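One structure is given below, encoded as structure tokens.
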Amino acid sequence: MDDGIVSYGEHPLNRLKFFQFDKSNDVTLLLIHGGAWRDPNNTYNDFKDMISHIQKNQYAAKYNLIAMNYRLSPEVKHPFHLWDVLEGLQFLVQNYDIHKISIAGHSVGATLMLQLLDYNKILDTGFQILVEDSKADKNRTETDLHVPSKKERILMNEAMEKLQLRTFCFIDGIYDITQLISEYGCPYESFVNNAFSSPEQYAEATQLSSSTVDVGSPFSYNTHSANVRNELNLVILQSNKDELLSMRQTNLFIEYLTQKNLNFKPFVGEWGGHEHVYRHEDVANIVLDSI
């Protein structure tokens, strides 16, 4: 482990950074950065300030604090960002015996967390559309795209069954990509098109706009989805000073969770702009108090 950095895959961005780890700790906090699926300036180091704030607390030593990188667009498109997150989790289960986990994600990091809660459906639809779009465009095959095999998917499900999801903290997230483009137009459509193969694919990429995920059903994370419904602590944070994302995405997410009859805790505060909110001490304290 070089400076707390370990590889969970072959790509240079398939990396985890262990800010704090003790194998005797029972609970792990995993942090997932944003950056519109494409910005190399957003990395696991985004969370240095949050980690520092958390470590001031006298009880912080009992938590493992880990952040992750994942492959970016346009090198890869959805759902490979989600697959990377899953591979990172699988790596932690298999190599560090981590089972109880809380996750906090910023911006598209929060998107990835939402996708995780229905990951099999999101992967199935995402890869299906990606393969169809790629064939139509470049006559590429499923093998060329390195779509995970059936065996890889089975092994992934086995690893995910061993995880107990405790708390998800969504920080200034994107939850409905179709509505995001409707609100902001061309500038946002540009980075979305970098990350997705077609409008159909990004419409199916999250539960809020998907035609295949039933809004009335519990999250289908795994066979223990009822436990996810009953035990997962959902926390939604939004800075009212965010210049890149208005309250609309957060309000849409709150409406969606309400339709699902799921409990959640919303927090809104003056925590600065989009790239400052996750650095704010108040946000760090909410995350720590929630896990």
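Placement of Cβ uses the backbone N, Cα and C atoms for every residue, glycine included.
The motif 'HGGXW' feature in Swiss-Prot is assigned to 33-37. Through the fold, the motif 'HGGXW' (33-37) approaches residues 43-44, 46-47, 67-69, 72-73, 78, 81, 105-110, 172, 191, 194-195 of its own chain, all at least 6 residues removed from its boundaries and within a Cβ separation under 8 Å.
Per Swiss-Prot, the feature active site, nucleophile maps to Ser107. A 10 Å cutoff on Cβ-Cβ distances gives Ser107 (active site, nucleophile) a total of 29 other Cβ atoms nearby, all chains included. The DSSP secondary structure for Ser107 (active site, nucleophile) is coil.
Secondary structure at Asp242 (active site), taken from DSSP and collapsed to helix, strand or coil, is coil. Residues or ranges marked as active site by Swiss-Prot on the basis of sequence analysis: Asp242 (among others).
Under DSSP, His280 (active site) is assigned to coil, being neither helix nor strand in the three-state scheme. Listed in sequence order, the residues of the same chain lying 6 or more apart from His280 (active site) and placing their CB within less than 8 Å of its CB are Ser239, Gly269, Trp271, Gly272. Here Swiss-Prot flags His280 (among others) as active site.
Packing around Asp242 (active site) is summarised by its Cβ count: 21 other Cβ atoms lie within 10 angstroms of its Cβ, all protein chains included. For the pair formed by Asp242 (active site) and Ser107 (active site, nucleophile), distance between Cα atoms is given as 11 Å, rounded to the nearest Å. Residue counts for the motif 'HGGXW' (33-37) under DSSP (helix as H, G, I; strand as E, B; rest coil) come to 0 helix, 0 strand, 5 coil.
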